[in-house]
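*Asks:* I have a structure here, written as structure tokens, and I will follow up with some questions on it.
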């Protein structure tokens, strides 16, 4: 039972370490994600970072063309088999319980190798959260860097044990090598999964259903209601369960035993483990569905005269949506009883890097919380409904954007395109900070734009100049196509208008949904 005891003791130590870091011990009226579960969910979500598949197809096509019409079929088959066996993996790098890196595998490098290249000796004393158990090649370098802890999702590892590949024996040998590295390492290599607090899933479902993105979508699409959210969520649940869970219990036990988790194969540990994993996948699918992947909706500039100019500088919608879901996950660490807000800052370098995120790299993230080191009762928690202004929270709480800027792990470079993703419209307190920090783009909801409330106002966002603003709305260049006389069809669970030309072509091609000015996503 060594592994089980280690998992439980490390969970306890993780909870203790979070005390005093942005009020980690806070307990209040709303359920809250633990930091361990937040980092785990972000690692799973980073495995789904868009764009890598398209890069892989392009790379493979170039390779085939370079070999000529006949090509080396045997070599191509071998390379293809190896790529299928190596699973894309997400990684969250944490130092002093603060995120300093979000990564995913690329076409050429595993995510552990990318972490070594990006962080080097700075990995010392860091905690690493992988979406799959890393292979021995990654593990030996990470351990050598002096990391403190390596946590991984207890399912199919990076070198897959599920694929029917000819080199499955190599996968088992790699798993044994990784286990030996773990046994002889000073770093803790373990599974950190904590049960979700009571009512957490229900709370996430309710708040995701009511979030600005879903409600605005439902109001804007003719004939649609919020039932599309439930349908979209069910699709995501099926997709993520296939990707992150092992449906067959006996097969799951075999994998756990192969990767050194024999003690988790006995009940009640095994059943508890599977239930915790299912709960986290349900939560991830729920949050991901709150920023739906739609044809006509996305993050666009509202100014008609700037649409064509800005298009060439905006992110693909899939990437913008992915980053906003990161912010939505962060919002569930909030200390605000009324409204959870998350923010994440990314930048885009001049050229592509070795990371699976391409030219984009992580700057910082945050959520709204009270000052670091404070305890639950140190500051007022009342909102503007309370008559006594002295005991209202607004003078004490640190906004998500402010925390993201304060705890950023890299400088914001003026010559690069930097962007912040916020789950709500930035308030008048944060807008000048964002502009002053040199951030070039803001992606946010706009439900509160122009509103002035008792303790907080949102007047400056609409008037902001010098920073590009992309808000969740109908694509201005496609809005005209929503003719109420057109036939309807469901796409990703959402009612969408369909032209006769679309009907004719639908049987001849995959469901390729075009974005504005040539951007496209395969749904």
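Residue 1 is the first one shown; counting continues down the chain.
Backbone N, Cα and C atoms are what each Cβ position is placed from, and that goes for glycine too.
Owing to the predicted nature of the structure, the values given are computational and were not obtained by experimental measurement.
Quick paste of what Swiss-Prot says about this protein:
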COMPBIAS  1-11  compositional bias 'Polar residues'
REGION    1-27  region 'Disordered'
REGION    55-81  region 'Disordered'
DOMAIN    71-169  domain 'CMP/dCMP-type deaminase 1'
BINDING   110, 135, 138  Zn(2+) 1 binding site
MOTIF     272-284  motif 'Nuclear export signal'
REGION    478-523  region 'Disordered'
COMPBIAS  486-516  compositional bias 'Basic and acidic residues'
MOTIF     489-511  motif 'Bipartite nuclear localization signal'
*Asks:* Can you tell me how the residues of the domain 'CMP/dCMP-type deaminase 1' (71-169) break down into helix, strand and coil by DSSP?
*Replies:* 37 helix, 23 strand, 39 coil
*Asks:* Tell me the Cβ contacts of residue 135 (Zn(2+) 1 binding site) under 8 Å, same chain only and six or more apart in sequence, or just say none.
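*Replies:* Set apart from residue 135 (Zn(2+) 1 binding site) by at least 6 residues yet with Cβ under 8 Å, we have 86, 110, 112, 157, 158, 159, 174, 178.
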*Asks:* Give me the long-range Cβ neighbours of residue 138 (Zn(2+) 1 binding site): same chain, 6+ apart, Cβ under 8 Å, in sequence order.
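*Replies:* Result: 110, 111, 112, 113, 158.
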*Asks:* Would you count the other CB atoms within 10 A of the CB of residue 110 (Zn(2+) 1 binding site), including those on all shown protein chains?
*Replies:* 24
*Asks:* For the motif 'Nuclear export signal' (272-284), jot down how many residues DSSP puts in helix, in strand and in coil.
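*Replies:* Split by secondary structure, the motif 'Nuclear export signal' (272-284) comes out as 13 helix, 0 strand, 0 coil.
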